[in-house]
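**Student:** So TrEMBL lists these for the protein:
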type	residues	note
ACT_SITE	His187	active site, proton acceptor
BINDING	Gly11, Ala12, Ala13, Gly14, Gln15, Ile16, Gly17, Asn105, Gln112, Val129, Gly130, Asn131	NAD(+) binding site
BINDING	Arg92, Arg98, Asn131, Arg162	substrate binding site
DOMAIN	5-145	domain 'Lactate/malate dehydrogenase N-terminal'
DOMAIN	156-327	domain 'Lactate/malate dehydrogenase C-terminal'
Amino acid sequence: MTTPVRITVTGAAGQIGYALLFRLASGEVLGPDVPVRLGLLEIPAATRAAEGVAMELDDCAFPLLDGVDVFDDPRAAFDGTNLALLVGARPRGPGMERGDLLAANGAIFGPQGEAIGAGAADDVRVLVVGNPANTNALITAAHAPDVPRDRFTAMTRLDHNRALTQVARRADVPVGDVRRVTIWGNHSATQYPDVFHAEIAGRPAADVLHVPEDGAGWLTDDFVPTVAKRGAAIIEVRGGSSVASAANAALDHVHDWYRGTPEGDWTSAGVVSDGSYGVPEGLVSSFPVTARDGRFEIVQGLELNAFSRARLDASVAELAAERDTAASLALL
Ligand SMILES: NC(=O)C1=CN([C@@H]2O[C@H](COP(=O)(O)OP(=O)(O)OC[C@H]3O[C@@H](n4cnc5c(N)ncnc54)[C@H](O)[C@@H]3O)[C@@H](O)[C@H]2O)C=CC1
Ligand SMILES: O=C([O-])CC(=O)C(=O)O
């Protein structure tokens with residue numbers, strides 16, 4: 001058997017953890033010939049529940065599952081890890097914005113970043129799911145200065161998938177006909193889901209959907225708020241924050257990171273900005289990205305009209321404010 005990929009999942013006894021671990025072990029994400037070893041990191045009060053999850057993983061007899069280890073210590077959990085899925089954090093409740101979680105959750109990510117920097121494998125890749133995901137990823141990266149910046153990502157794939165479905169519904173086409181939508185900025189209510197470069201069955205989405213350059217009508221009144229506030233809508237209707245769709249998006253993100261985005265298409269991910277599209281270097285912002293050979297690259301050269309520019313700038317201003325709040329809380 002080839003050497004297993006070591007995957008550490010934090011918050012492994014939580015809801016999203018439960019929805020993603022079994023699929024990671026099944027082979028559907030990294031591939032049918034890639035063995036995995038799972039590390040489940042939890043707070044001490046939840047390690048017993050994590051042991052229960054480990055027992056259930058055993059009971060699936062997944063041929064690709066090399067083993068499961070439960071940890072309550074980040075140093076031990078991230079030792080030698082190739083892939084770190086940082087899910088463990090409090091979800092928001094009704095009436096909260098994700099940024100309100102910074103004070104409660106931010107302190108989780110510094111020690112985890114340090115542990116990743118201290119002991120993870122040289123090829124470690126990190127996906128932060130716990131909210132506020134972009135700024136938590138910034139905190140994690142800041143505590144692991146020797147790990148290359150392109151290994152730290154935040155999840156905006158759920159927003160991306162939501163946008164695909166909204167466009168497909170509007171155009172009355174199968175979701176597979178929609179390509180090249182983009183989520184820009186923060187995983188928050190200020191995010192900007194962009195259809196100006198999207199295609200529907202090969203045609204410009206803005207033409208098919210009759211979207212004017214100034215975004216008036218459906219784009220401004222319906223599409224952008226529906227996608228940007230979908231998390232809050234799920235909390236209201238389901239009575240709890242997204243779980244299965246969030247786990248699915250995390251697995252889509254990991255799948256594409258390791259195995260590549262389809263030719264001619266791109267996805268969205270929060271990555272450490274290199275200054276592209278005027279987003280200040282170092283902020284973790286969502287961009288259109290392709291993945292090749294295990295690396296995300298920001299899609300370059302897209303024209304942003306005045307409407308898109310203003311929306312992106314507003315979301316980036318929020319990211320800068322979250323970074324400043326994190327600094328004032330001594331999280332950076
Ligand atoms: N980026 C995105 O698109 C999305 C992000 N989320 C976020 O994901 C996070 C997790 O959500 P759920 O699984 O529903 O929450 P949950 O409350 O069911 O599970 C969270 C788990 O994290 C554990 N945990 C807390 N502190 C920890 C630490 N320091 N180390 C390891 N584990 C720790 C808890 O014990 C708990 O088991 C939330 O912050 C939520 O807002 C949720 C949906 C989408
Ligand atoms: O909205 C929330 O708090 C959970 C989340 O991030 C999402 O569903 O996008």
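Placed from the backbone N, Cα and C atoms, the Cβ positions cover glycine too.
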**Student:** Between Gln112 (NAD(+) binding site) and Arg92 (substrate binding site), what is the CA-CA distance rounded to a whole number of Å?
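**Tutor:** That comes out at 21 Å between the alpha carbons.
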**Student:** Tell me, by DSSP, whether Gln112 (NAD(+) binding site) is helix, strand or coil?
**Tutor:** helix
**Student:** Among Ala13, Gln112, Asn131, which binding-site residues lie by ligand 1, judged by Cβ under 6 Å to any atom?
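**Tutor:** Only Ala13, Asn131 meet the Cβ criterion.
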**Student:** Can you give me the same-chain residues 6 or more apart in sequence from Gly130 (NAD(+) binding site) with a CB-CB distance under 8 Å?
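**Tutor:** Gly130 (NAD(+) binding site) has long-range Cβ partners Thr10, Gly11, Leu86, Val87, Gly88, Ala89, Arg90, Asn105, Ile108, Phe109, Asn136.
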**Student:** Can you tell me which recorded positions out of Ala13, Gln15, Gly17, His187 are within 10 A of Asn131 (substrate binding site) by Cα, answering none if there aren't any?
**Tutor:** His187
**Student:** Out of Gly11, Ala13, Gln15, Gly17, Gln112, Arg162, which binding-site residues lie by ligand 2, with a C-beta less than 6 Å from some atom of it?
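**Tutor:** Qualifying residues: none.
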**Student:** Rounding to the nearest whole angstrom, report the longest C-alpha distance spanning Gly11, Ala12, Ala13, Gly14, Gln15, Ile16, Gly17, Asn105, Gln112, Val129, Gly130, Asn131, listed for NAD(+).
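**Tutor:** Maximum Cα-Cα distance: 20 Å.
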**Student:** Across the domain 'Lactate/malate dehydrogenase N-terminal' (5-145), what is the average pLDDT of the model, as a whole number?
**Tutor:** 97
**Student:** By CA distance, which of the recorded positions (Arg98, Arg162, His187) lies nearest to Gln15 (NAD(+) binding site)?
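**Tutor:** Smallest Cα separation from Gln15 (NAD(+) binding site) among Arg98, Arg162, His187: Arg98.
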